[in-house]
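Visitor: What Swiss-Prot records for this protein is below:
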type	residues	note
MOD_RES	SER2	N-acetylserine
REGION	16-65	region 'Disordered'
COMPBIAS	30-41	compositional bias 'Acidic residues'
REGION	99-262	region 'Disordered'
COMPBIAS	115-124	compositional bias 'Basic and acidic residues'
COMPBIAS	167-184	compositional bias 'Basic and acidic residues'
REGION	176-247	region 'Involved in GNA13 binding'
REGION	184-279	region 'Involved in PKD2 binding'
MOD_RES	SER189	phosphoserine
MOD_RES	SER192	phosphoserine
REGION	203-245	region 'Involved in ATP2A2 binding'
REGION	203-225	region 'Involved in PLN binding'
REGION	210-279	region 'Mediates interaction with UCP3'
COMPBIAS	217-255	compositional bias 'Basic and acidic residues'
Amino acid sequence: MSLFDLFRGFFGFPGPRSHRDPFFGGMTRDEDDDEEEEEEGGSWGRGNPRFHSPQHPPEEFGFGFSFSPGGGIRFHDNFGFDDLVRDFNSIFSDMGAWTLPSHPPELPGPESETPGERLREGQTLRDSMLKYPDSHQPRIFGGVLESDARSESPQPAPDWGSQRPFHRFDDVWPMDPHPRTREDNDLDSQVSQEGLGPVLQPQPKSYFKSISVTKITKPDGIVEERRTVVDSEGRTETTVTRHEADSSPRGDPESPRPPALDDAFSILDLFLGRWFRSR
């Protein structure tokens, strides 16, 4: 199978009736015949009688070229390339209609803020950011007007303690006190009956002690030592101790200097003098 047969089978054209290659079969002529054809201005192809000769049987799909009077060369063929090119042009022209939608898809985001959901005048930034504000104001993004929100009762905060991962160890490791409602209670009667223990939260206690020692030498030679102790409860204890410093009397002669060991006479005097003194 030739390359031309493979090409025609790929595009669905019927097979040839002969094994002659139409691309180059009609071009394998003598040089003299080519010159004669050029002089006569004829064309080589299906219109040429030599093309329909028994030596060159006609085929369903032919290929040829002709010389125009102006000196140009024009190729013509019956392989169906014109239809093929026309089909490709129609396909690529239709691709222009395969455009994206005119409106791009909108990404999910926060809804537009309405005037009723804006920060109300006089409301603190903390209340606007908290899910359950401390001042029991209605939620900003709830879509409820201020006049309607005033008549509603504040929603209690949910008990998130039971949903914590280590809520089973609260009795061993107490982390946060239990949530209590924010309301005014009369504590006078409760304190008079139960005392301050149940009312006040237990506070951790720490014990420490600070000790500072200061020594001062006065001009008369007395050394004063001041010791200050401060405990965790703020009690301060200061102890002052005075004693005289060790000093030699002023009228005493100069104390003898130790002999230098590098002097041989001094070493002999040291040993011999002691021996003679002991005698």
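Using the three backbone atoms N, Cα and C, a Cβ is placed for every residue, glycine included.
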Visitor: What is the average pLDDT across the region 'Involved in GNA13 binding' (176-247)?
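Guide: That stretch averages a pLDDT of 80.
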Visitor: So what sits near SER192 (phosphoserine) in its own chain, CB-to-CB under 8 Å and at least six residues off in sequence?
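Guide: Expected: none.
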Visitor: Using a Cβ cut-off under 8 Å and a sequence separation of 6 or more, which residues in the same chain sit near SER189 (phosphoserine)?
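Guide: Correct list: empty, so none.
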